[in-house]
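As structure tokens, the structure follows; a few thoughts come after it.
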Amino acid sequence: MLDDFKIDLLVKNKPPTSTTAVVAMSGGVDSSVAAALLHKLGYKVIGITLQLYNNNNNSNTKGACCGSLDTQDAKQVASSMGFPHYTLNYEKVFREEVIEDFIDTYTQGKTPIPCIKCNQVIKFRDLLNATKSLGADVLVTGHYIRKIEQDDDIYVYSSKDTKKDQSYFLFATTVEQLRLLRFPLGNFHKEDIRKLAKYFNLQVANKPDSQNICFVTDTYKKTIAELRPHTIKKGNIIDINGNILSQHNGIVNFTIGQRKGIGISSKAPLYVIKLNPDTNEVTVGPKSALLQNKLYIREINWLAKEKIPHNGLNVKVKLRSSHSGSPATIFPNNNNTATILLQDSYCTVTPGQACVIYDHDRMLGGGWIC
């Protein structure tokens, strides 16, 4: 069966038996298979799991990742396959750099993506440091994404399994980080990975995919209320003309484009159009008021060697992880920002989300929507 899972050498011109690979193990099936496959192919595998929170007493965190229960799963996989595994406790750093940022973003009237922030400031930054300190050659993850190196240039592509592609969540990964990163699952489909997990007799073979924000045990609103209750303040719900329609119990309860749960009866459907943290107001209106064909992005991470020309570059952009992509033109601005002109108007351009930029299936980079 292993003949169906051929991968390129992790390090060019270096045999597996001479290559040490740190594998970031979340406790899920993908990273477990990545580690097991490399071990079977003869690589010197070291499994590392970052424990980001404790879910021992909370069954609601099933479907998440990187908790104490997931650490146990990763450790069991390593033990059954016969390679070393280490757990690094990152609960404090995770709280300070991801959870606090998550709450800050919501209280600013934006909608965060903590998974990208976690990859950016913890998983890749700190795991890469651990990889270097161990003297390992590469850091391997179970992400569904493809990377090709040619003549010292790096090209990143969507996964062959388009339903599982995770390139959107990795837009903030830098070129220097990518030089040490390897993604052996990018050329395979999820169903094949589960078959391989069963072939290796991994206990996580049927473990559900992570779908939730790992540290949110119920709803994100409840999490914010528990961790920072003083930020939840009542305010007005207004229409697009400024007329007061009702009151709300905190802008963190809303996101741009939301229709359900607004709490206002109306003949025509109402959507959340704007969140104003300064006035603590929620603006609602018809769906047509959500349509936009221009947006701005900041903190751009540009992976392509070619710079964005001043007269613009025609691209495809994804404004949500589930978005199939829209044709657009990107124009560079000062201070690592850019303007995006969409070919067609798009609903729910949401501040705080990521705008990831592609040339067909090649990821060029991305930035945060202002």
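Using N, Cα and C of the backbone, Cβ positions are placed for all residues, glycine too.
Taken residue by residue with DSSP, ASP30 (ATP binding site) is part of a helix. The ATP binding site feature in Swiss-Prot is assigned to ALA24, MET25, SER26, GLY27, GLY28, VAL29, ASP30, SER31, LEU50, GLY142; the stated evidence is sequence analysis.
Mapped onto three states, the DSSP output places CYS118 (active site, nucleophile) in helix. Per Swiss-Prot, active site, nucleophile is recorded for CYS118.
Taken from Swiss-Prot, the feature disulfide bond applies to CYS118-CYS214.
Other Cβ atoms within 10 Å of the Cβ of HIS143 (site 'Interaction with tRNA') number 26 in total over all chains. What Swiss-Prot records for HIS143 (among others) is site 'Interaction with tRNA'.
CYS214 (disulfide bond): 23 other CB atoms within 10 A of its CB, across all protein chains. Under the heading active site, cysteine persulfide intermediate, Swiss-Prot lists CYS214, citing sequence analysis as support.
Feature annotation from Swiss-Prot assigns site 'Interaction with tRNA' to GLN353 (among others). Neighbour list (GLN353 (site 'Interaction with tRNA'), Cβ cut-off 8 Å, at least 6 residues apart, same chain): THR111, ILE113, LEU319, ARG320, TRP368, ILE369.
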> When DSSP states are folded down to helix, strand and coil, where does HIS143 (site 'Interaction with tRNA') land?
Replying inline: coil
>> Among the recorded positions ALA24, LEU50, CYS118, which residue has the fewest other Cβ atoms within 10 Å of its own Cβ?
In response: LEU50
> What is the interatomic distance between the Cα atoms of HIS143 (site 'Interaction with tRNA') and ASP30 (ATP binding site), given in whole Å?
Replying inline: 7
> What same-chain residues, at least 6 away in sequence, bring their CB to under 8 Å of the CB of ASP30 (ATP binding site)?
Replying inline: GLY142, HIS143, TYR144, LEU185, LYS190, ILE193
> Rounded to a whole number, how many Å is the Cα of CYS118 (active site, nucleophile) away from the Cα of GLY28 (ATP binding site)?
Replying inline: 17
> Between the binding-site residues SER26, GLY28, whose Cβ has more other Cβ atoms within 10 Å than any of the rest?
Replying inline: SER26
